[in-house]
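J.: What follows is a single structure, and I will ask about it in a moment.
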Amino acid sequence: MITITDTQKIGVGFVAFGVTFIFLGVILLFDKGLLAIGNILFLAGLAFVAGLERSFRFFFQRHKWKGSGAFFGGILTVLLGWPLIGMCIEVYGFIVLFSGFFPVAINFMRRVPVLGQLLNLPFISGVSPGVGGNVYGHSVSLTH
């Protein structure tokens, strides 16, 4: 069984609060204060959950520099006072950074009872990646 430390529990809370603040900031017409707090909490939560060294290694791998630059540049742009432009840059960086994780997340969601039935509908399953599909130029397979 996987044990979760108290630090990781705090990190999950920070990530949840960060996502909530970012969501509220977007809903309230890109409020720069809420977006800035949400970004800081999100990054702090990631560092608490994965650890500083692993977080640093994730963001600063050579093939992820483009996504990391856009993600951190978007956060900096939000902090400097241009929330709409900053969030657009940040979303682009997030997509580039985590695009390899999306197929895994979708396949996991397909196993959730109600959500899985929705994702397996014919007009949705054609759009979302399947097991063994080719997504964003990467071959995805759950078997080795």
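The backbone N, Cα and C atoms fix where each Cβ goes, and this holds for glycine too.
For 12-30, 36-56, 68-85, 91-109, the entry in TrEMBL reads transmembrane segment.
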J.: What else in the chain is close to the transmembrane segment (12-30), if you only count residues 6 or more beyond its ends and a Cβ gap under 8 Å?
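T.: Same-chain residues near the transmembrane segment (12-30) but 6 or more away: 37-46, 48-49, 83-84, 87.
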J.: May I ask for the residues of the chain that lie six or more residues beyond the transmembrane segment (36-56) and have a Cβ under 8 Å from a Cβ within it?
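T.: Same-chain contacts beyond the ends: 7-8, 10-25, 75, 78-79, 90.
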